[in-house]
Each structure stands twice: as C-alpha cells, then as structure tokens.
C-alpha cells in the first residue's frame with residue numbers, strides 16, 4: 001500500500017508539472033481555438049471542392065475536344081466509355097495513402113467488447129458507399145450521353161432535393177430560414193450558371209426520357225451516399241471515438257480511400273464484363289494529340305476527381321452533407337467562367353445570367369456561413385452561462 005500511495009503521489013505531481021494543452025487554456029479560450037481550426041478546415045475543404053470541379057470540367061472539355069468523334073464516317077459520334085469514365089472518377093485513391101499516414105492520428109478510446117462490432121459496421125458502411133459511388137458515377141456518365149449538358153444539369157439539380165429528403169430522415173437535419181434561402185439560391189444559380197461541355201451528343205442522339213431516368217437515379221445514389229457518409233462519421237467514427245474525441249482530417253482520407261477502393265473494383269468488373277476494355281486502344285489512337293496526352297488527360301482527370309471528393313467528404317465531416325452538396329452545386333458558375341476563359345467555344349460567353357448566377361452562389365454560401373457563425377456563437381454563449389452558474 002505504501003508503494004501504491006507513493007506512486008500515486010508521484011503521478012499526480014508529474015501531471016501537475018506537465019499539464020495537457022487543453023488544461024492550460026481556459027474553456028472559453030480552448031473553444032475559440034477549436035472553432036478557428038474548424039473554420040480553417042471548412043475553408044480548405046471548400047477550396048478543394050471548387051478547385052476539383054474547375055479542373056474536372058477543364059480536363060473533360062480538353063478530352064472531348066481532342067477526341068475525333070464523328071470524323072471517321074460517323075462511326076464514333078458518341079464516346080461510350082462510361083465504365084471507363086466511372087473508373088477514372090475513383091481510381092486515383094492510392095495517392096491519398098501517403099497523406100493518410102502523414103496526418104497525425106489521436107489515440108482512440110479502445111473498448112475490446114465493441115471493437116469487432118465497430119470494424120464490421122465500418123466494412124459494411126464503406127462497401128455500401130463504394131457501391132453507391134460507383135452507381136452514381138456510371139449513371140451520370142450514361143446520362144450525359146443522351147442529351148445536351150444544360151438539360152443534364154437541370155435534371156441533376158434534383159440531387160439537392162433528394163439530399164434534403166434523406167438528411168431529414170437519416171440525419172435528422174435541422175433547417176433554418178437562412179439555410180432554406182441558401183438552398184433556393186443554389187438551385188437557381190445551378191440552373192443558370194451551367195458551363196459549356198464539349199462532350200454533348202449530336203441532335204439525332206438525344207433521348208430525353210432515358211437521360212432523365214438515368215440522371216434521376218444517379219442523383220438519388222449521390223444524395224444517399226452523402227447522407228450515409230455523414231451518418232457514418234457521426235455514429236461510427238466520431239461517437240465511437242475511433243480517433244479520440246476529435247474530428248480530424250485523417251477520417252476524411254480513411255473514408256475516401258476505402259470508398260474509392262470499392263468503387264474502383266466495381267467499375268473494373270463492369271469494364272471487363274461489358275467488354276468496354278476492348279475499345280480503349282481505339283480511343284487512345286483517336287486522340288488528336290496522341291496516346292501520351294490521352295494517358296496524361298486521364299491521369300489528370302483522376303487526380304482532379306480525388307481533389308473534389310476529398311473536399312466534399314471533408315465538408316460532410318465538418319459541416320453536413322447538405323452543405324457539401326450546396327458548395328458542389330455553387331461551383332457551376334465558376335466552372336462556366338473558367339471554361340469561357342480557357343476555350344474558344346462558339347456562342348459561349350459569360351453572359352448576364354451567368355453573372356447573376358455567380359452573385360447568387362456568393363449569397364447562397366454567405367447565408368449558410370451566417371448560420372454556421374451563429375451556431376458557433378451560441379456555443380460560446382452557452383459555455384459562458386455554464387461558467388457563471390458554476391461560480392454562483
């Protein structure tokens with residue numbers, strides 16, 4: 001007993017001499033520091049989504065401009081490599097693996113009774129999300145085959161509607177009037193700010209009914225994947241304290257790597273089962289700038305999709321799936337601007353509707369940021385009230 005008491009006193013003395021960083025700061029100061037880090041993480045993820053969207057539309061237009069569709073006696077009017085497009089959207093996840101080990105990982109709170117059950121649920125979550133991501137990647141690629149890109153964007157705007165429905169049911173999301181205004185502005189800006197797309201089919205290939213059903217299905221899969229990802233963060237990674245008691249960027253990388261791995265496997269199976277892999281050699285030979293630029297454009301597209309996906313998953317972790325979808329759709333007018341600056345498409349200019357859409361996206365994000373700022377301010381007020389009650 002004497003040895004035990006002595007060891008306890010020594011441990012207590014060392015703990016007082018070397019306190020934890022959170023114990024050095026007051027609760028108010030600690031909360032303010034956490035909120036500043038949170039704002040930096042949100043801003044970084046927002047930047048990645050915007051950057052990824054712009055890079056993707058630029059490289060997609062470059063790819064289709066260089067593709068000799070319709071030049072060989074109309075044998076290649078349409079680029080039908082939809083499984084390849086879906087694979088490119090997910091295949092570059094290995095570049096995230098070094099980052100996963102570079103980012104620090106807080107020590108988890110281990111519970112031997114629930115570790116196996118947690119691992120099983122995580123595997124089930126990542127597999128389900130991977131299948132959903134592969135599904136919406138394939139369905140969106142098919143949807144763009146059957147009509148012009150503007151009509152495709154109008155139908156794909158339903159993804160935000162489905163996200164609102166699913167998040168209200170699955171995540172019990174609370175809407176405010178500012179969030180509702182932000183959603184309405186986002187839908188309007190997305191509709192009027194669509195960019196030019198060089199991969200549109202010719203008029204005799206338009207099939208509006210088929211395209212509508214494919215795009216609606218892809219929108220459902222996309223919206224459901226965002227809500228399930230948010231549920232996985234809240235109920236498995238954060239609540240189970242897999243990474244301690246914090247939301248860290250390593251969670252984003254883990255989820256994105258696992259989801260993309262499953263989605264890539266699904267797309268690879270589809271690529272070989274459908275026989276689409278046989279057309280890859282012809283696609284590379286048809287590329288105007290040669291096979292080297294064909295490969296480089298696909299690599300650039302794959303990396304750009306990962307930049308976008310990491311930012312989107314990050315917004316789901318730090319804010320919500322609704323906000324992630326809003327930011328993704330708000331990138332549409334900015335994408336239109338960079339396409340106008342980078343390509344000399346006929347009758348394509350940054351017109352007044354697009355300028356209005358760009359202003360609308362700024363307002364939409366501003367209204368949502370107002371809500372986030374108000375919620376952070378409420379937390380500080382609640383902390384002050386609790387401290388005053390303790391003093392009394």
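Here the Cβ of each residue, glycine as well, is placed from N, Cα and C on the backbone.
Note that the structure is predicted; figures quoted are calculated from it, not measured.
What TrEMBL annotates here:
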COMPBIAS  1-10  compositional bias 'Polar residues'
REGION    1-23  region 'Disordered'
TRANSMEM  38-63  transmembrane segment
TRANSMEM  83-103  transmembrane segment
TRANSMEM  123-143  transmembrane segment
TRANSMEM  149-171  transmembrane segment
TRANSMEM  178-198  transmembrane segment
TRANSMEM  210-231  transmembrane segment
TRANSMEM  252-273  transmembrane segment
TRANSMEM  293-319  transmembrane segment
TRANSMEM  326-346  transmembrane segment
TRANSMEM  352-369  transmembrane segment
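Of the candidate ranges 83-103, 149-171, 178-198, 210-231, 252-273, 178-198 contributes the most Cβ pairs within a distance under 8 Å of the transmembrane segment (326-346). Between the transmembrane segment (178-198) and the stretches 83-103, 149-171, 252-273, 352-369, the greatest number of Cβ pairs separated by less than 8 Å involves 352-369. Beyond its flanks by at least six residues, the transmembrane segment (252-273) meets 45, 83-84, 86-87, 89-93, 96-97, 99-100, 103, 126-127, 129-131, 133-134, 137-138, 229, 232-233, 237, 306, 309-310, 313-314, 317 of its own chain at Cβ-Cβ distances under 8 Å. Below 8 A, the CB atoms of the transmembrane segment (83-103) and the transmembrane segment (210-231) form no more than two pairs separated by six or more positions in the chain, fewer than 3 in all.
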